[in-house]
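Just below is one structure, and these are the notes that go with it.
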Amino acid sequence: MSLRTWPRLVTLEGGEGAGKSTVLAALRGAFEAAGIQAVYTREPGGTPLAEQIRGLMLDTQHEPATDETELLLAFAARAQHVRATVLPALQRGAWVVSDRFTDASYAYQGAGRGGDAAFIAELERRVVGIRPALTLLLDVPVDVGLARMRGRGAADRIESERNEFFERVRQGYRDRAAAEPARFEVIDAAQPAEAVAAQAVARLRALIAATAEGAA
Ligand SMILES: Nc1ncnc2c1ncn2[C@@H]1O[C@H](COP(=O)(O)OP(=O)(O)O)[C@@H](O)[C@H]1O
Ligand SMILES: [Mg+2]
């Protein structure tokens with residue numbers, strides 16, 4: 001299987017507290033105002049089975065998952081998500097917005113945990129097979145993102161990591177954006193939420209304008 005880019009697949013990436021959920025709500029508003037049907041989903045998760053796998057990944061109750069276990073759980077969840085949720089929506093012509101996608105594995109299981117990027121790329125080709133046309137990377141200093149997360153309840157297994165881990169994740173995301181500038185829009189997510197949302201929506205509108213909806 002080779003990688004196919006889907007023009008109506010948009011992903012949101014960034015660290016903890018970067019503002020992904022906040023931007024997703026703004027994108028939803030833009031789609032609804034334009035009368036365009038879209039599916040809003042997230043990773044890990046996005047189907048009942050994949051949400052169960054998410055629970056396994058983030059649970060702090062059982063013994064710690066090894067790095068290899070975490071990587072394969074992430075791709076097991078993604079395999080299900082792609083086939084059960086993302087592709088059916090794209091194939092019927094809907095847009096799909098996913099709060100995190102494969103870039104998150106390069107950043108977290110790759111740059112963060114030290115996983116082999118070539119192996120992740122192999123999994124991407126053989127298990128996922130699709131790429132978004134647009135990835136909005138919400139880039140924020142680690143301490144700013146973590147401060148926004150405070151008061152959100154008990155930290156899950158990944159949220160409990162040390163700052164060095166989150167710094168590697170942030171750099172991993174920035175390296176991916178630098179390598180693929182046409183696909184990525186890097187947004188300074190330390191700005192006020194309104195400014196972040198405005199940049200995200202403007203970039204989405206440009207993508208919509210480049211598709212059939214924009215021409216119609
Ligand atoms: N640009 C921003 N400036 C300040 N606070 C923000 C901004 N974006 C989001 N927030 C707040 O920070 C917290 C985390 O945002 P959220 O969208 O849930 O992040 P994520 O989904 O990336 O973890 C929320 O309380 C949200 O209201
Ligand atoms: Mg969120």
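From the backbone N, Cα and C atoms, a Cβ is placed for every residue, glycine too.
TrEMBL labels come from automatic prediction, so no person has curated them.
The feature ATP binding site is assigned by TrEMBL to Gly14, Gly15, Glu16, Gly17, Ala18, Gly19, Lys20, Ser21.
Annotation note: Gly15 (ATP binding site) sits in a coil segment as assigned by DSSP. The local packing around Ala18 (ATP binding site), expressed as other Cβ atoms within 10 Å of its Cβ over all shown chains, amounts to 27. All chains included, 19 other C-beta atoms sit within 10 angstroms of the C-beta of Glu16 (ATP binding site). Ligand 2 lies under 6 Å from the Cβ of the following binding-site residues, listed in sequence order from Gly15, Glu16, Gly17, Lys20, Ser21: Lys20, Ser21.
DSSP gives Ser21 (ATP binding site) a helix state. The ATP site is defined by Gly14, Gly15, Glu16, Gly17, Ala18, Gly19, Lys20, Ser21, and by the 8 Å test on Cβ atoms against their centroid, the other residues of the chain that qualify are Leu138, Val140, Gly145, Arg148, Ala189. In sequence order, Asp99 make up the list of same-chain residues 6 or more apart from Ser21 (ATP binding site) whose Cβ falls under 8 Å from its Cβ.
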